[in-house]
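Just below is one structure, and these are the notes that go with it.
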Amino acid sequence: MQKVVAIVGPTAVGKTSLAIEIAKKLDGEIVSGDSMQIYKEVAIGTAKASREEQAEVKHYLVDAHSVFEDFSVKNFVDEARSAIGEIAGKGKLPIIAGGTGFYVNALLNDMQLGDKEEEAASVDPEWEVFLAANGPQALWEELNKKDPEAAKKIPVANSRRSLRALSVISRTGGLFSKQQAEIKPRYDYLIIGLNSDREAIYQRINQRVDLMMEAGLLEEARFVYEHRAGEHQVLQAIGYKEFFPYFAGEASLETCVMALKTASRRYAKRQLTYFRNKLPVEWYDPLTDPNCANRIAVRIEEWMKEEK
């Protein structure tokens with residue numbers, strides 16, 4: 001089974017720089033595990049590796065598509081798998097670096113995924129009718145009756161996930177939670193998580209936002225705002241939608257910058273929750289341990305020798 005390293009963690013913890021350092025130490029190349037870095041029109045708000053950094057180590061799935069293209073998690077997995085194959089074909093180590101937990105999980109594990117049309121087709125019309133007539137709470141309660149374990153992991157408000165779970169139960173006669181538990185690894189992977197003291201992370205987030213503003217984030221956000229017609233994924237990205245009230249004349253720039261800092265801190269918290277609950281992560285603190293990169297490199301080298 002192909003060995004793959006993933007470097008994950010909350011925003012602003014230093015994943016990009018550490019991934020580059022590890023890639024240089026261990027002859028690796030990097031696949032972005034970020035749902036927004038794929039888009040070529042936006043760079044500042046997505047915190048991509050700089051051109052200089054990308055020149056040091058080859059990156060895949062950065063600037064690969066336009067914001068005006070549909071790009072689903074299934075598309076991501078397909079292209080990332082191709083990139084991993086290309087990297088491995090050179091005899092190099094594939095390194096996934098990014099903070100979009102669901103994307104990383106879907107790549108590393110053989111999860112059932114579909115594009116928007118396939119996903120819509122996978123929903124049982126009977127349950128769609130039930131949702132329309134009774135609402136999200138009643139739909140979730142039906143799921144809770146049939147599969148309490150699945151219901152525990154699905155928020156009441158997330159009707160799309162409740163619909164999918166109920167549809168799977170109806171079609172297979174089995175528990176959705178059991179089928180989810182049977183997801184099999186696609187690779188032999190090691191997941192390195194970066195984290196530090198919460199206040200230190202929050203301070204780095206605030207500093208990053210200030211630096212992004214100096215680098216031209218407002219104009220990038222204006223581009224997104226001016227092209228907001230349609231259902232482009234980038235419209236929902238943290239770093240852009242927070243400025244929409246400013247462009248609409250409904251809020252001051254200072255208020256929007258503060259909103260971005262708050263949203264980024266909340267996002268960091270959600271990222272950590274996902275990684276802790278969904279993936280087997282080995283955690284390191286790059287902010288307080290000056291030898292962190294070396295320790296991680298040694299751990300990866302040890303793991304590379306293990307048979308599976």
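Cβ atoms here come from the backbone N, Cα and C positions, even for glycine.
Here the structure is a predicted model, which means the values were calculated and not measured.
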Kindly point out the range from 34-37, 90-93, 122-125 that Swiss-Prot annotates with region 'Interaction with substrate tRNA'.
34-37
Cα distance (Å, whole number) from Thr100 (site 'Interaction with substrate tRNA') to Thr16 (ATP binding site):
13
Given Lys15 (ATP binding site) and Thr100 (site 'Interaction with substrate tRNA'), what distance in Å do their CA atoms have, once rounded to a whole number?
12
Within 10 Å of Thr100 (site 'Interaction with substrate tRNA') (Cα-Cα), which of the binding-site residues Ala12, Val13, Gly14?
none
With every protein chain in view, what's the tally of Cβ atoms within 10 Å of the Cβ of Thr100 (site 'Interaction with substrate tRNA'), excluding that atom itself?
20
Residues near the substrate site, Thr11, Ala12, Val13, Gly14, Lys15, Thr16 excluded, by Cβ within 8 Å of the Cβ center?
Gly9, Pro10, Ser17, Ala47, Gly99, Leu194, Arg204
